[in-house]
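The next block holds one structure in the form of structure tokens; read it before the comments.
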Amino acid sequence: MEENNTTSSNFIKNIITEDLKSGKHKEIITRFPPEPNGYLHIGHAKSIVINFGLADEFNGKTNLRFDDTNPLKEDVEFVESIKEDVKWLGYEWEELHYASNYFDEMYDRAVLLINKGLAYVEDLSVDEIREYRGTLKEPGKESPSRSRSIEENLDLFERMKNGEFQNGEKVLRAKIDMSSPNINLRDPVIYRISHATHHNTGDKWCIYPMYAYAHPLEDAIEGITHSICTLEFEDQRPLYNWVVEHCEMDAKPQQIEFARLNVTNTVMSKRKLKQLVDEKYVDGWDDPRMPTISGLRRKGYTPESIRNFCRETGVAKNYGVVDVQMMEHFIREDLKLKAPRTMGVLKPLKVVITNYPENQVEMLDAEINPEVPEMGTRQIPFSREIYIEQDDFMEDPPKKYFRLFPGNEVRLKHAYFIKCEEVIKDDEGNVVELRCTYDPETKSGTGFTGRKVKGTLHWVEATQAIAAEYRIYEPLILDEEQGEGESFLDNVNPNSLEIVQGFVEPNMKDAKPQDKFQFFRHGYFNVDPKHTTEEKLVFNQIVSLKSSFKL
Ligand code: ATP
Ligand code: MG
């Protein structure tokens, strides 16, 4: 589909336009700052599309920065997957940074705060700090540690760094205002002790900066002009600005918040996604049922469809939930003109065409994509034995059943009309084969108008058919409200994956992992890169053909 690279006008664009016009900035620099504690999901894609998209549109730059200030949860595996996903989405970062490379500077700036009387070492426990913090209605209480001398604070902070204290024994707090109506400003903790090995800095540090202190410094060090984040951080903006100012940073990045992306039937927190992986509800972070970029890629989503979806959901200031069908709409739109058409049979049922010459195979012409004639045609074999689907036959059909039943005639797509003459069953009474006759006059493409039939079935010639496995998906989370809340595991759909065996046309022999097709009547499928082998093609259903969704 046509890709519209620019998002429609929005408040962030207005701010940037104004800043460039007034000369506040000559060039904008944005950043995408994931914490490498999981794989990226569709919500991150939204942030990527906004940050890189703005830089593209205003001739600026975007950095990729790993916000790796928490040694316990982070891993190199996640770092690599994040880089791969950003590139796959179609973006190139200007600079690649690790927040952990700034630990020295962050430490020095903390010392500066202490020297200015703006930070102190706290002896209270985490629980006591919380207790002293007060509530929305009541001001906080000042801790006895607050009145320590600068000298004592410098000494204690250095000893924290040198590993003289246990985890939780001390923290460093910014000295701001214990009675501020904004709780974030009631002397927030800015450093904590954690005797843990860090994936980048190893055992160099045993104190680590807190996000609220580290993030503004990271942005300022890199000269980020517009630091775009989600709405939960709105109340932290005064603290962000306080840190930039009192740490005497040259650059003064502006934090701008927008509403995070929420999607129906979709869990979107790395912690919960990790739980689904660890507790084996799914087969890894890239399971096609996962809303991760790698899961969507494996399911068959294209970068274009994800970018278009993210742009179309817009940039808003208030909370909303987007229907998952909107994502499906964009992949259909993208594949409609790109994906070759083909026929695949799920749950096959053998049909013998009794009046078709034995040992004859004829090749039939079929368009690769009727909407794009330039894609040309493909050849499909037809012979005396074919497969149709078990679901396309009924022995005792209800009224208005137009598929195959005894005595009824249907059209085989790209081939002939066939009529069901006889039903063969096994000892248990299961239908195992149909005997049909065909009418040579009715060949597709010859302009036959003698009579009409109501049903058109897909099929595959039996002797050359290639075995295929189909993986059909339902939403992983049943609850429309995205499975929020702690009991989200109760809403995991036990039937989210159905595995069905069948066949595909022989010209699929060259299909490669990640190739995408539109199967007649069944919708769009992707060749699964993990389960496909030399012996067997495995297809993930991306999306069915029909939708009631309207943009
Ligand atoms: P999660 O809660 O899933 O762990 P996070 O916000 O903690 O997500 P980060 O790695 O810190 O994950 O996020 C990197 C960037 O992606 C941040 O700027 C964050 O605001 C943004 N982001 C994360 N989730 C969403 C979302 N659902 N919609 C929009 N942006 C998001
Ligand atoms: Mg986070």
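Every residue, even glycine, has its Cβ placed from backbone N, Cα and C.
Taken from TrEMBL, the feature ATP binding site covers 35-37, 41-47, THR230, 260-261, 268-270. Around the Cβ of LYS46 (ATP binding site), the same chain contributes ARG260, LEU261, CYS310, THR313, each under 8 angstroms and 6 or more positions distant in sequence.
Marked as L-glutamine binding site by TrEMBL: ASP67, TYR211. Taking the Cβ of TYR211 (L-glutamine binding site) as centre and 10 Å as the limit, one finds 17 other Cβ atoms among all the protein chains shown.
The domain 'Glutamyl/glutaminyl-tRNA synthetase class Ib catalytic' annotation in TrEMBL covers 28-336.
Across the domain 'Glutamyl/glutaminyl-tRNA synthetase class Ib anti-codon binding' (339-439), DSSP classifies residues as 6 helix, 52 strand, 43 coil. Residues or ranges marked as domain 'Glutamyl/glutaminyl-tRNA synthetase class Ib anti-codon binding' in TrEMBL: 339-439.
Under the heading domain 'tRNA synthetases class I (E and Q) anti-codon binding', TrEMBL lists 456-528.
Sequence-distant neighbours of the motif ''HIGH' region' (34-44) (same chain, 6+ residues past either end, Cβ-Cβ under 8 Å): 66-68, 70, 73-76, 78-79, 81-82, 85-86, 199, 260-263, 266, 268, 270-271, 273-274, 285-286, 290-296, 306, 309-310, 327. As annotated by TrEMBL, motif ''HIGH' region' applies to 34-44.
Sequence annotations record features per position, and here TrEMBL assigns motif ''KMSKS' region' to 267-271. Model confidence over the motif ''KMSKS' region' (267-271) is summarised by a mean pLDDT of 91.
Long-range neighbours of ASP67 (L-glutamine binding site) (same chain, six or more residues apart, CB within less than 8 Å of its CB): PRO33, PRO34, GLU35, PRO36, ALA99, TYR211, ALA214, HIS215, GLU218. Screening the binding-site residues GLU35, ASN37, HIS44, ASP67 for a C-beta under 6 A from any atom of ligand 2 leaves GLU35. Filtering ASN37, ILE42, LYS46, TYR211 by Cβ distance to ligand 1 (under 6 A) retains the following binding-site residues: LYS46.
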